[in-house]
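This report refers to the structure that appears directly beneath it.
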Amino acid sequence: MKRIYLDHNATTPMNPEVLKAMLPFFTQNFGNASSIHNFGREAREAISKAREQVAALIEAEPANIVFTSGGTESDNFAIKGIAYANEKKGKHIITSQIEHPAVLSTCKFLEKQGFEVTYLKVDNCGKVDLDQLRDSIRKDTILISIMHGNNEIGTIQDIEEIGKIAAEKGVFFHTDAVQTCGKIPVSVKRANATLLSLSGHKIYGPKGVGALFIKKATRIFPLQHGGHHESNRRAGTENVPGIVGLGKACEIAQKSMEGNCRRIVDLRNRLQNELVERIEDTVVNGHPTDRLPNTLNICFRYVEGESMIMMLDMKGIAVSSGSACTSGSLDPSHVLLAIGLSHEIAHGSLRFSLGVDNTREDIDYVAEVMPEIVHRLRKMSALA
Ligand SMILES: *Cc1c(COP(=O)(O)O)cnc(C)c1O
């Protein structure tokens, strides 16, 4: 059976070029980057090249990139690191209700440590209200953490405006750009970001590696203590193959972003139009234009997302409902509730997230099988 993968916001297949770049660093070039000898030098040089590749993708200076174990660690490091380094200045943090769990759970944790967190509401397209953001900044506000692109509905926030507001008020600004890096242009300069998170496995790189951009001269509390790695910001022997892979993935993303984006957005729009046209009672979620080019989140009334996923899976099609991180729980997605959907409608949501290998045939096949699946489930449903 042909398998069609439409869950790229959960993870992506590794680009073969990335694997090729990584392989020597598992075997012959196995050195520890802290060693003085030739083996160590090779590893050091490879890390330094990767730092340049990552920095180039987000318009940063290589010296301001710290390698981490992924998006989750980058978010934790950014938020806790800034919170602990600035708690004498203030204990108030602003974020939004639709952040990734890596941000939300970190904020919840800090609340237990005596920090205060404002969770900004979003409108029904998933946008943060900038006036509300301005109004919620207080004397003791130290950090604003607002994601760039939402992993579930794809809504893109105006991070340049948010960065401007943060800078005017002298507040640090962190953005989780895990979903936008490699898909649309991301610039720490234009966004005036103090900190920016990205992850390897969302951009056709390896799992378990990511990066945090930290603006020059920003005081940040390290989360891991040990050796002097990563300029004393993150202790632990570097994951050299992973870092090399992340660098390569960033380089490829930068080169191919424009072409991929144009092709993928066309396919996404085709899928959206076909589904809305062929199936009654659908609601497309997220912002109509300010949305990740690859993401389609759509609710099918009177059916359960999980049931649709299982029936699609039997046809070889992989999609998700809500987010992979919260699946397994019966609570509907916090993002869908935050944009004002009822529990009932939110339960019928599917997320199609396209990637570079998807073809028009893939999309047409999905558009062909979906109506039949939805109709069959609606017939069985007591709600319809
Ligand atoms: C996937 C994701 C993360 C977590 O990244 P990992 O590398 O899987 O830890 C954080 N934020 C967003 C928006 C994501 O999509």
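Cβ coordinates are placed from backbone N, Cα and C, and glycine is handled just like the others.
Database features (TrEMBL):
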- 4-366: domain 'Aminotransferase class V' (DOMAIN)
- G71, T72, N151, Q179, S199, G200, H201, T237: pyridoxal 5'-phosphate binding site (BINDING)
- K202: N6-(pyridoxal phosphate)lysine (MOD_RES)
- C325: [2Fe-2S] cluster binding site (BINDING)
- C325: active site, cysteine persulfide intermediate (ACT_SITE)
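Close to ligand 1, meaning a Cβ under 6 Å from one of its atoms, are these of the binding-site residues G71, N151, Q179, G200, T237: G71, N151, Q179. In this structure, the binding-site residues T72, N151 were compared by how many other Cβ atoms lie within 10 Å of their Cβ, and the smallest count belongs to T72. Cβ neighbours of K202 (N6-(pyridoxal phosphate)lysine) (same chain, under 8 Å, six or more residues apart in sequence): H8, N9, T11, T12, G71, V178, Q179, C181, G182. Taking every pair among G71, T72, N151, Q179, S199, G200, H201, T237, the residues recorded as binding pyridoxal 5'-phosphate, the greatest CA to CA distance is 30 Å.
According to DSSP, G71 (pyridoxal 5'-phosphate binding site) is assigned to a helical segment. Of all the binding-site residues listed here (Q179, S199, T237), it is T237 whose C-beta has the fewest other C-beta atoms within 10 angstroms. The least crowded of the binding-site residues G71, G200, judged by other CB atoms within 10 A of its own CB, is G71. Residue environment of H201 (pyridoxal 5'-phosphate binding site) contains 23 other Cβ atoms, counted within 10 Å of its Cβ in all protein chains.
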